[in-house]
Amino acid sequence: MLSRQFVRENPEVVREALDNKGVDVDLDRILDVDEEWRELKSRGDDLRHERNEVSSTIGELKQAGEEEAAQEAIERSQEVKSELQEIEERADELEAELEESLLELPQIPHESVPVGADESENVERRREGFDDLREVPDNVEPHYDLGEELEILDFERGAKVAGGGFYVAKGDGARLEHALIQFMLDVHREQDYRDVFPPIAVNSTSMRGTGQLPKFTEDAYRIEGTNEDAYDDDDLWLLPTAEVPVTNLHRDEILLGEDLPLKYQAYTPNFRQEAGEHGTETRGIVRVHQFNKVEMVNFVRPEESHERFEGLVDEAEEVLRRLELPYRILEMCTGDLGFTQAKKYDLEVWAPADDMDEGPAEGGRWLEVSSVSNFEEFQARRAGIRYREEHHESAEFLHTLNGSGLAVPRIVVAILEYYQNDDGTVTVPEALRPYMGGTEVIEGHDAVGETKLGGE
């Protein structure tokens, strides 16, 4: 959330951010409301001063026997009271409108962010792991076909149980997801992260604090009512990311300098209504309604946030390095930068099966497995999260950052395709074997029930 003062003093900076991020907000209306509100507050201060002066003279006039003048003062006091009430009511209305309007303004991109219209103008910063690729089959089978053949992914039963966009991981597929979650948590514990296991349901106030509401209502799962209905502060939603509950742990709190940097990690299932929109994303587990993810959230001093941002990128990368998966780092341009972010990098892993136009020369495609973001004070201001170095010092807003560490299903996709063998089995990455009871190769399972009879 941008402060009123910043918007008031930097309207052209805000206007440029709206253009660069493609956000349609009536900034002129916000500025007009702010100006009228300030004029009313000034008029209200004048009236309160006059009321106090008039009130102090009434007794003096009565004591002096000037009844007519005293009566005039009483009448003026009542007029001031009535006018002041009208002004305060109007000022409260404008302030409420202003607060809601400020929630619609996006974060200002950091000056280092490349300017661009859309994702085609994102900037690739580097690639890792392509100098020593393992040999993959000439025709890598897509994860969605291989997963069904090995009986470790079940899309039909996922749809039967919950509807389209859901899947079931079973057998070694389920073990692989569990292994990845525990492995990721262990890696980040080594990086001094503190574990959090938050509620899966979050209230509207929490969603607003991190910026999911009011802008992204249509993508969220609401527990009661429809997304089109008005919502109250305590209405519940299924969390779209652990960023929401973990950031809001310290909503309306003041941390101490000695607490910072404060680094949390949380595993949660995540729920989003954005499943499969086009192309190969309509198949498999690349884009689904429910998925597992480990999230890292940092609370830091403002002057340290951009250095910590680079550290957070490295902490997410460490998972990919240990899994020995090829990947690249992409910096988002202004047009592809999220509503809340000042700066963002995506970590994209290589999945070699499905060739896509924007994929690498080796074939296949890129899959985003982590977005690492610096929100600066944007979320902290919305959620009221401050810090002070010493007890006697004034509190100021801190900076928040987060990053996926990582999104589990897409790592499963990368493993099933990159570690695929000619015989249709999948080699388990060495780093994961201790988490899978020493299993080195996923060979699959027999089908159960009449489905294994095929067409018979």
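Even glycines carry a Cβ here, placed using N, Cα and C.
Annotation comment: Swiss-Prot describes 49-69 as region 'Disordered'. Break the region 'Disordered' (49-69) down by DSSP state and the numbers are 18 helix, 0 strand, 3 coil.
The local packing around SER404 (L-serine binding site), expressed as other Cβ atoms within 10 Å of its Cβ over all shown chains, amounts to 26. Per Swiss-Prot, L-serine binding site is recorded for THR241, ALA242, GLU243, GLU295, SER404, and the stated evidence type is sequence analysis.
Here Swiss-Prot flags ARG272, GLN273, GLU274, VAL288, GLU368, VAL369, SER370, SER371 as ATP binding site, drawing on sequence analysis. Note on VAL288 (ATP binding site): other Cβ atoms within 10 Å of its Cβ, all shown chains, come to 21.
Taking every pair among ARG272, GLN273, GLU274, VAL288, GLU368, VAL369, SER370, SER371, the residues listed as contacting ATP, the largest Cα to Cα separation comes to 19 Å. Among the residues the record lists as binding L-serine, namely THR241, ALA242, GLU243, GLU295, SER404, the two farthest apart have Cα atoms separated by 9 Å. Taking the Cα of GLU295 (L-serine binding site) as the reference point, the closest of the binding-site residues GLU274, VAL288, SER370 is SER370. The Cα atom of GLU274 (ATP binding site) lies nearest to that of THR241, taking the binding-site residues THR241, ALA242, GLU243 as the candidates. With SER371 (ATP binding site) as the anchor, the candidate binding-site residues are THR241, ALA242, GLU243, SER404, and the one with the nearest CA is SER404. For ALA242 (L-serine binding site), other Cβ atoms within 10 Å of its Cβ number 27.
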